[in-house]
Amino acid sequence: MARANSSRVTEFILLGLSDKRELQVLLFTTFLLAYTMVLLGNLLIIVVVRTDPKLSSPMYFLLGNLSFIDICYTSVTAPRMLVDLLSQRKAIVFEGCIAQLFFLHFVGSSEMFLLTVMAYDRYTAICKPLHYTTIMSRRACWLLVASCWAGGFLHSITQTLLTVQLPFCGPNTINGYFCDVSPVIRLACADVRTTEWLVASNSGLISLGCFLVLLTSYVFILLTIRGRVPRGRAKALSTCAAHALVVVLFFVPCVFIYLRPSRTFPADKYVCVSYTVFSPVMNPLIYTLRSKEVKESMGRLWKRCRA
């Protein structure tokens, strides 16, 4: 027993995105700017939505929650990545690695569910406008958001339990910049084929399932607005286009990464950058630039701050 305990892995080594010092400095500058934009952009949306009564509709309530989730999601990986880019030895203790993958899947899956709820909100507003206020009441919105967090927790705790029950006594090098379930379980000193399939069926099918539900909602929306007047059709398309762009940036890389139980590619860690960093950066830009109401609200907030 003592021998087994002494050989247990106590830390993992993260290889990061590059081992070239010049490129690491460039990446640090880029990701620091991106992380700053995530914090400032999403905090601005939260403040605007919370302080402007004109943005009290369910769509903006959900948008404020999405901004909060984006801040949490990026904060799980970005600060650690920034520190590692300036460090010679990129090590993370075993407990810290498990905590990171838990919160990554907790917040990430909660965002998937929330984006699905936002698509349902747009479907209800466009396809069932007479019943919209009844279906998407404030109480219903709170219940839907709570369900997103609960679903994210159940998904994440399942992934974490599948990981921690494995023995780790051999290699401890992860070819990436954060701890995720798939690269970690491949380091286990055991046959993990069954675990890999369970992980893929959990994460991969959730990603794919939410993505297909979202695509289906857009099909119904497009069929509904086909016969409307040009002005109403253009407004509905504009709102849905912003949401669709966010969905593509987030879901397509997730489906690519998590729907493969037993195979990895060297480019996987670069694909992960798109949904852990750049997707949260784009969300506030996409929604503010395409939303006249949000831009007007920001203008009013700016005037109040200057007064």
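Each Cβ is built from the backbone N, Cα and C atoms, and glycine gets one as well.
All annotation found in TrEMBL is predicted automatically rather than curated by experts.
Residues or ranges marked as domain 'G-protein coupled receptors family 1 profile' by TrEMBL: 41-287.
What TrEMBL records for 25-48 (among others) is transmembrane segment.
Long-range contacts of the transmembrane segment (60-78) within the same chain, counting only residues at least 6 positions beyond its ends with a Cβ under 8 Å from a Cβ of the stretch, are 31, 34-35, 38-39, 41-43, 45-46, 49-50, 100, 103-104, 107-108, 110-111, 114-115, 117-118, 121, 138, 141, 145, 177-178, 276-277, 279-280, 283-284, 287, 293-294. The transmembrane segment feature in TrEMBL is assigned to 60-78 (among others).
Feature annotation from TrEMBL assigns transmembrane segment to 98-120 (among others).
What TrEMBL records for 140-158 (among others) is transmembrane segment. Beyond its flanks by at least six residues, the transmembrane segment (140-158) meets 58, 61-62, 65, 102-114, 117, 120, 202-203, 206 of its own chain at Cβ-Cβ distances under 8 Å.
Among the features that TrEMBL reports, transmembrane segment is placed at 205-225 (among others). Sequence-remote contacts of a segment are chain residues at least 6 beyond its ends whose Cβ falls under 8 Å from one of its Cβ atoms, and for the transmembrane segment (205-225) they are 109, 112-113, 115-116, 119-120, 122-123, 126-127, 155, 232-233, 236-237, 240, 244, 247, 251-252, 254-255, 258-259.
What TrEMBL records for 237-258 (among others) is transmembrane segment.
If you look up TrEMBL, you'll see 270-289 (among others) marked as transmembrane segment.
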